[in-house]
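Over in Swiss-Prot, the protein carries these features:
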BINDING   180, 226, 455, 496  L-aspartate binding site
REGION    204-207  region 'Aspartate'
BINDING   226, 227, 228, 235, 489, 541, 542, 543, 544  ATP binding site
C-alpha cells in the first residue's frame, strides 16, 4: 500500500532544476524512469511532465532512504526530499544534466506492475496497445510535449482573438439533425420517445444566429462529430477553432485569419509566417496542381498540351481533343533513365484515378524515347518538349481523357506520388500556405441527378454570378476560401447568405422543396426576417494545426484519448452494449 503525503509539498518540478539551484533543499515527485544499483550508491532517474532528474541515494547519506530506494521498480510513483548538488559526470543530453538531488528521504506513493509498454521516446509498439494503455503512452515525453503544444496553441488562439474583441460563446452539443453530407451521431430523447438529438458536425447555424443576435465577433474551440468512414487522419470526434464576424467581406476574414496564423506559429513554435499569404483561384489550383489542396513545396506543375496537339493525327489524342476532352502532362526532372517496369507501375497508379493509361516521353542525350513517338511528328514532339520546358534527362508523363477532372486528378495524385518516391519532400520543413478561392458554389451529382453544395447550403455566391443560379448553377462561384498548408486543408470558410430570398433560392437549386427547407432550417430562415447583418467566418481544424506545429503525421498523437481506425476506444471499450432497462426507457429495440 502506498504512503500518504501527510502534508509533504512538492517544491519544484523535476525538469526545472538547474545549476543555480545547487545547495537548495527540494522535494520532487514523479515516476521512476530507470534505477541503477552500483553497490553503495543507487541512482534513480525520476520523471515528471517537465523532464527527468537524477536522484542519488547512498548508504552514508541516509541508510533508511537507501534501503527503501532499493525496493523501487520502474514506474513506481515517488516523493523524494534532499539537497541539490553538482553531478560528478555531467549529462549534456538532459537540461538537468549538471545537477542531481541527494536523496535524504523517500516516500513510495504507489507501486507499479511491469508496464505493458516501455515509457520512452520513439516507442515502437502496436497502435492498439498504445491506445489500450493510453494513460501509460501519455507518460512518454514526446506525447507530453505534443499536448503541451496543444495547450499553448489554444491559449495563443484565445489571447489573439480576445485582443481582436472576439467573444467566446459556447453552442449546444445536443441539437437538431439536418442530414447533409456526413452522417450525424444521434442521441435518443427519453422525454420525447422516438425523437433524437444530433451531435453537431459544426456550430455553423448557431454561429450565424449569434451574428443575427448582434454579437459581432464570435469564436469557440469546439468539439465536432461526424459518423463517417475513417481515413488515416480523421477522427469521429475532432476539434475546430470556429469563428464568425459581422459586417465583413472576404478580404476582412482572410486578413484576420492570416494574422491569427502568424501569431500562433510565432508564439507556439517560433516560426515566422510572411504575410500576405498567396491566393489561388480554384480553377488555377486544379489546372496546375490537380488538387484544391495544392502542395507548393515543389514544382512539377501540370501543363495543358491541347494547343500543341490540336492538329495531331495521333488518334488517341485527336479523338479526346475533338470531343472536348483534354491532354495534359507533368515533367519529372532527371527521370529519363527510369525503367519500363517503374513507368508501368506509374501507369497502374493513374488508373486508380480513372485514367485510361499513361503516355511518356524520355528526353535522352542521344534520342527521344517514347512508345508514342512514332505517332507524332518531329514538330509535335519538339512542341511538347518546349511546352514542358524539358531538359536532357527529363521524363514527360502524359494523361488524356474526355473528362478534364480525370486528367487533373490523376496527374495531381501522380505529382504527389512522385514527390514522395523521388524524395523531394525529405527533410523539408518549409511551411507553404496558400488560400484557395473562387470555389464552385455547387457541383452536379450524376448518380442522384441533382446539384449539391460544395461547402454547405449557407455559402454566398459571388455577386456577379448570382444571375446564373437559374440557368447554369455550375458556373456560379462561391465566396468561399480554404487555407491550405503543404497540401493539407488547414481550415475553410465563406461569406454567408444573409438574405432570406437568396437563401430560399439556394435551397431551390439544391432540390429542397419550400416545405423541406423550412422543416430543416426554418429557425434560421425565420431569424433572417429580423435584420441579419452581412457575415462570414472560418473554421480551422485544430487537431491538424497541432500536427503541423508538433511535426507529427498521425492525428491520434495530438489527441489525448483518440479512437482507432474503427472508431473504437481500446481503453474504455466504447462503444459498448447498454442495459435493456436503459433501452426500454428510451423506447428502443435493437434489431438482431
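Glycine too: its Cβ is placed from the backbone N, Cα and C atoms.
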Check your understanding: What three-state secondary structure does DSSP assign to residue 489 (ATP binding site)?
Key -> strand
Study note, to complete from the structure: Note: in the chain of residue 542 (ATP binding site), residues six or more apart in sequence with C-beta under 8 angstroms of its C-beta are 153, 154, 221, 238, 239, 240, 241
Review point. What same-chain residues lie close to the region 'Aspartate' (204-207): Cβ under 8 Å, and 6 or more beyond its ends?
Key: 171-172, 175, 178, 218, 220, 242-244, 456, 458, 521, 523-524, 537
Practice item. Name, in the order they occur in the sequence, the residues of the same chain whose CB lies under 8 A from the CB of residue 226 (L-aspartate binding site) and which sit 6 or more residues away. Key: 182, 183, 185, 201, 234, 236, 238
Check your understanding: Can you tell me how far the Cα of residue 228 (ATP binding site) sits from the Cα of residue 455 (L-aspartate binding site), in Å?
Key -> 17
**Study point:** Those residues of the chain, 6+ apart, with a Cβ under 8 Å from that of residue 496 (L-aspartate binding site)
**Key:** 208, 458, 459, 460, 535, 536, 537
Practice item. Write down the Cα-Cα distance for residue 544 (ATP binding site) and residue 455 (L-aspartate binding site), rounded and given in Å. Key: 19
**Study point:** Collapsed DSSP category at residue 542 (ATP binding site)
**Key:** helix
Point to revise | Overall pLDDT of the region 'Aspartate' (204-207), taken as the mean | key: 96
Check your understanding: Residues with Cβ closer than 8 Å to the Cβ of residue 544 (ATP binding site), same chain and 6+ apart in sequence?
Key -> 233, 488, 489, 490, 555
Check your understanding: Around residue 228 (ATP binding site), how many other C-beta atoms are within 10 angstroms of its C-beta?
Key -> 13
Exercise for review: By DSSP assignment, list the helix, strand and coil residue numbers for the region 'Aspartate' (204-207), in that order.
Suggested key: 4 helix, 0 strand, 0 coil
